[in-house]
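Remarks on the structure that follows.
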Amino acid sequence: MSEAPATLHARISQAAREVRATCPLAGSITNAVTVNLVANAQLAAGGSAAMVYLADEALALTQVGGAFYVNLGTLLPCHAQSIPAAARALRDLARPLVLDPVGIGLGELRGQILDELRDAPPAIVRCNASEAIALARQWGLLEGDEAQGPRGVDAQDAVDDARAAAQAIARFIDGAVAVSGETDLVASADRVVEVEGGSPLMTKVTGMGCSLGGVAAVYAAVTDPFTAALAAAAHYKVAGTRAQRDCAGPASFQLAFVDALHAIGPDELAAEAVLRERGR
Ligand SMILES: Nc1ncnc2c1ncn2[C@@H]1O[C@H](COP(=O)(O)OP(=O)(O)OP(=O)(O)O)[C@@H](O)[C@H]1O
Ligand SMILES: Cc1ncsc1CCO
Ligand SMILES: [Mg+2]
């Protein structure tokens with residue numbers, strides 16, 4: 001990993017160049033609905049993919065991959081062991097974990113696993129606004145009114161409403177949080193950047209968020225968590241904007257989107273990324 005350049009755009013293009021040059025492996029434990037899109041997006045972005053379910057295999061993958069991705073979307077009994085075991089192994093190796101806490105609040109197992117991850121935390125949390133607020137509450141990171149109240153699993157909150165939660169999580173994990181929506185928000189302990197672009201059709205294809213987490217893990221294999229989260233968010237927004245021009249609806253959008261992820265080079269990515277710094 002070389003030293004990060006000063007500007008955000010330069011950091012993104014350097015990260016994309018390193019991904020293209022090294023084809024980093026990010027292993028995944030991810031949900032059964034969208035596993036194929038996650039792997040295809042990781043390959044199209046320039047990385048390599050390997051999906052597992054069992055603890056034994058997850059532990060082997062943490063040793064060989066540059067980063068690891070965990071998505072709680074469709075839990076099975078084996079995940080009660082495999083996800084915490086992978087997270088602890090990554091913590092001990094000082095290798096980045098990217099977490100998508102899909103469906104936080106649904107049933108008990110998700111909550112148990114997230115309690116365990118508090119002690120072996122991810123480097124990047126990738127989620128929607130409601131999930132960011134729910135995770136910050138579960139980990140006890142909010143105070144006053146913000147700490148109260150039940151939350152569902154849908155993204156009923158606006159991305160901007162999740163800003164305090166995102167920053168609280170980013171500080172707690174000493175990493176980055178990427179909250180997706182019409183405008184994405186990427187937070188580190190001391191910076192908040194908005195990323196514009198994409199398409200409303202991204203909400204009509206399942207797994208756009210899941211696969212964004214997988215691509216963030218590919219980037220996390222070559223750069224720091226904040227740059228990785230920002231590069232992945234920007235790559236998705238630029239690819240989504242392009243894909244919308246060439247499609248007839250959600251199905252052809254997904255194809256055009258994966259093509260665009262693949263076609264966008266590091267310089268184009270930096271040139272077309274629309275970023276707005278919101279505070280540091
Ligand atoms: N209305 C929108 N306009 C533009 N881009 C959007 C819009 N909604 C979502 N996106 C983009 O779609 C991608 C996925 O974000 P989204 O918030 O839909 O994730 P998600 O709800 O976790 O998805 P899933 O759970 O289906 O994987 C991100 O790149 C985000 O920027
Ligand atoms: C639809 C769905 N259900 C569980 S995971 C998933 C994919 C989007 O998160
Ligand atoms: Mg999601």
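Glycine is treated like the rest: Cβ placed from N, Cα and C.
Here is what TrEMBL says about this protein:
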| type | residues | note |
| --- | --- | --- |
| BINDING | MET51, GLY207 | substrate binding site |
| BINDING | ARG126, SER180 | ATP binding site |
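Feature map: TrEMBL annotations on the structure.
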| residue | record | DSSP (3 states) |
| --- | --- | --- |
| MET51 | substrate binding site | strand |
| ARG126 | ATP binding site | strand |
| SER180 | ATP binding site | strand |
| GLY207 | substrate binding site | coil |
As a whole number of Å, the Cα atom of ARG126 (ATP binding site) is distant from the Cα atom of MET51 (substrate binding site) by 18
Those binding-site residues among MET51, ARG126, SER180, GLY207 lining ligand 1, judged by a Cβ under 6 Å from any of its atoms, are SER180, GLY207
Excluding its own, the Cβ atoms lying within 10 Å of the Cβ of SER180 (ATP binding site) add up to 28
All chains considered, the count of other Cβ atoms within 10 Å of the Cβ of MET51 (substrate binding site) is 18
If you measure between the CA atoms of GLY207 (substrate binding site) and SER180 (ATP binding site) and round to the nearest Å, you get 12
Integer Å value for the Cα distance linking SER180 (ATP binding site) with MET51 (substrate binding site) is 23
